[in-house]
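J.: Could you have a look at this structure, given as structure tokens, before my questions?
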Amino acid sequence: MFKSKVAMAVVWPLLVLLLSGSSRTVRAADDEHEYTVVEMRSLQLMNATCYGHKVTSPHNRTWLPLNLLHGPCSASSNDATPSLDDLFLQDQQRIGDIHWRLSDDGVGGNQGNRRPPGKISQTNVQNVPAAPFHVGNQQNTASSSKGSQLSIDPAATGGGGQSSLPGVVQMLLLDTASDVPWVQCVPCPIPPCHPQTDVFYDPTRSSTYAPFSCNSPACTQLGPYANGCVNNQCQYRVTYPDGSSSSGTYISDLLTINPTNAISNFQFGCSHVEQGRFDNQTAGIMALGGGSESLVSQTALTYGNAFAYCIPPTPSYKGYFLLGVPSVAASRYMVTPILRNPQVPTFYRVLLRDITVAGERLNVPASVFAPGSVLDTRTVFTRLPPTAYQALRAAFRSSMTMYRSAPPKGAFDTCYDLTGVGTVRLPKIALVFDRNAVVEIDPSGILYDGCLAFVPNRNDNMPGVLGNLQQRTIEVFYNVGGGAVGFRRGVC
């Protein structure tokens, strides 16, 4: 009996020790799956160094480098950190326009049906992605003028740094929520045009340039973007949510992506007059929306009505844009259907079903997400239905109790004082889309300037908008012809 008690006295502490060690191991494993430890310097809004691509560039025949404007990886960088107030204003104007166009009052998306535009923003720090395209066919030599210098990024030309491609490089904003591509064209006095880093495209120097006549099918099909006729040349006009606009002649010319891929007779706006303020680092906008005028629709037969991009985590890295279907196994994507409204074909909407925080679903009622969410490259911060946002905020706050809270910053109401903090332990956040497509957000899309980087809509009846901050490091593949969007994490 005495021996038995001794044995139990020895075995019991060992058993407790083993069990407690096992418990700590399980908790550590759970913690690894539910939280991520991030170095604060990796979330810095601005860094003086461009580190290039974080991963090997994809082997795709239509690949182009992509960067965030005004960072060290852009053609003409500056050190100004984007103002939160400017970004909130820019976003709010754009969000308001998307909501209006999808509302009962604005259905149809025609520019004539649009609500009065907002006040023109005076900021040119946009925090949005852009990529270089070659426009026109003028041949260039080493002795050519500045307009012939095509070297923007060695990655765009196979690493050589000097391009032999025809035309002039034009850095264009990538816009998934507009339909008409355009670039500034000579003559383009400043004002009403804006200064740009790239040389101006001069159609008279390109033998493949052709304006559309007013009775041409391309002109008659412009619909709400048609703007009359001048000297039997078709005129266009595009307006944007902040009240800015571009107008000029609707033309076609050669668009070159790389040495093996060029698009003949590409249709776009040749902009001679602008209203408002456009970014000096860009020459125009590459529209990627679902309308018939966009790059994607024009090239559907050649490139399969598909495109993809990966936006880098910060302006200190590069991402990419590609036209066509990526050469990646379909099994590597989380796939969800595209919701299309025939009356507003521009937008790509997806259906959010739930959100997870630290591995736990919020169990938001399905009706809250019923209006869908628009994917938009030019909105920065994701907008959620208020019911979903409140659940997200509560779960996030309960996971961040070890950090001291800070006053709100504009539309951000959940902020922390991380002064002197080297690393931060963030709960993992994932968006759960229709068909159980679970997409984990990169830490750069969770915390912005020390705050939870989501904003609520005014009510649950408004569609959400998935901004570019929450899309970062993820390859977003738009299989427009197949009616689906695929997400692949950790790509750039």
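Quick reminder: no glycine exception, Cβ is built from N, Cα and C everywhere.
In TrEMBL, annotation is done automatically, which means it is predicted and not curated.
So TrEMBL says this about it:
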| type | residues | note |
| --- | --- | --- |
| ACT_SITE | Asp175 | active site |
| ACT_SITE | Asp376 | active site |
| COMPBIAS | 136-151 | compositional bias 'Polar residues' |
| DOMAIN | 157-488 | domain 'Peptidase A1' |
| REGION | 101-161 | region 'Disordered' |
| SIGNAL | 1-28 | signal peptide |
J.: Using the alpha carbons only, what distance in Å do you get between Asp376 (active site) and Asp175 (active site) once rounded?
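T.: Computed Cα spacing between Asp376 (active site) and Asp175 (active site) is 7 Å.
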J.: Including all protein chains shown, what's the count of other C-beta atoms within 10 A of the C-beta of Asp175 (active site)?
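T.: Other Cβ atoms within 10 Å of Asp175 (active site): 23.
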J.: Taking all residues of the domain 'Peptidase A1' (157-488) together, what is their mean pLDDT?
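T.: Computed over the domain 'Peptidase A1' (157-488), the mean pLDDT is 94 on the 0 to 100 scale.
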J.: How many other Cβ atoms sit within 10 Å of the Cβ of Asp376 (active site)?
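T.: There are 26 such Cβ atoms around Asp376 (active site).
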